[in-house]
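Everything on this sheet refers to the single structure shown next.
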Ligand SMILES: NC(=O)C1=CN([C@@H]2O[C@H](COP(=O)(O)OP(=O)(O)OC[C@H]3O[C@@H](n4cnc5c(N)ncnc54)[C@H](OP(=O)(O)O)[C@@H]3O)[C@@H](O)[C@H]2O)C=CC1
Ligand SMILES: Nc1c(N[C@@H]2O[C@H](COP(=O)(O)O)[C@@H](O)[C@H]2O)[nH]c(=O)[nH]c1=O
Ligand SMILES: [Zn+2]
């Protein structure tokens, strides 16, 4: 078992090496290993490795098999050759041919799988096909880790909508900014560097107009040793106040920097066509979504993203948009970074508000939470589970 975990860990590492580059495909890693025919205690030798190719190219299993065949033109599979793969091999033609076919053709007799493919077209089918072909299949090695590699894919493939992940950086008493709006920085360098990794994974980031005006953020992924990366950057601004204040407050970086064509302002017909035109003339994109009020509806935004093939959105705040998302049960996943400080000030900004939680049974919870210590701070993350009787505190939202 320890050996299986060792090679699966290598496969997970390979999957991570293509972080954020494979959408809509999952990140998968594969390793082909030869064990000793005579000494079952001897460590196996890695023959070939692979990871999912970017943009719909060959899957990890095929990349590994192709690399192996370069060395062994007729494959050299023996009864002691094992393929380790983080996710169940696909079993439908797709764009690149079923991996189950390629594995069977290679003569490999043993496959170790991390997790099942959540795609209902595959789920378990790939395993059945391999077994029917006489291949020994073992499942569930480092399962949680392998499944956790693909939070975006897992959601997309089962719901056909993007994963909406909220991210907050709070004090111990759950505040994201002081009463004045000051919030830089609550979390320390290590936690902020971790945020940069998630920004590299998600195809898009979203913030509200209040955050743009208070923080003038860049919203790019800046990782030491890597080129700066810019996801799509959504700005929620129903009345286009960020555009109308341009002349008095100067232009937000999101509308002027070298990635401004990656900024999409999301607004309503109440925002004013003149501002929409001005933004577009600058090279900034604008989505005007139908809405009876000055607020874009989150369900409409989700559908629009799905139509545009945007597979996941990392929503960084502020308090107002996060509170709306919570009360509409639109947050699928939460990244909560918590720093060891507290404000103890009622007028500091709470990360989310507006629910009426009278009993613990009504609490919003995280399923299978993961905790990571990052310098002085702690990240708690997980899938959000809402109670059946989510109840709103109307007194809060009558004031916006
Ligand atoms: N620590 C942390 O993790 C973070 C802290 N912050 C801090 O939070 C503060 C900003 O938060 P907050 O003031 O609540 O502002 P938000 O960033 O939530 O933006 C609120 C504004 O966005 C617009 N808006 C809200 N909902 C919608 C919608 N559904 N559709 C279109 N536009 C919408 C509104 O414009 P209008 O009023 O015109 O309708 C509103 O003024 C800052 O101090 C910032 O530093 C921000 C992000 C993260
Ligand atoms: N204050 C705060 C965060 N704030 C978030 O980061 C944004 C700034 O991004 P950038 O300009 O790209 O560095 C800011 O507008 C807000 O969304 N994030 C954190 O991880 N920790 C923190 O303490
Ligand atoms: Zn495949």
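Just so it is clear, glycine is given a Cβ too, placed from its N, Cα and C backbone atoms.
316 is the only one of 88, 93, 316, 328 that TrEMBL places in the substrate site (with 183, 219, 222). Listed by TrEMBL as binding NADP(+) are 169, 199, 211, 215; the candidate from 185, 287 that the record includes in that site is 185. Of all Cβ atoms in the shown protein chains, 23 besides its own fall within 10 Å of the Cβ of residue 199 (NADP(+) binding site). With a CB cut-off of under 6 A applied against ligand 3, the binding-site residues 59, 90, 99, 185, 211 are reduced to 59, 90, 99. The two recorded residues residue 215 (NADP(+) binding site) and residue 99 (Zn(2+) binding site) have their Cα atoms spaced 47 Å from each other.
Note: the Cα of residue 185 (NADP(+) binding site) and the Cα of residue 316 (substrate binding site) are spaced 14 Å from each other. By a simple count of nearby Cβ atoms, those within 10 Å, the most crowded of the binding-site residues 59, 222 is 59.
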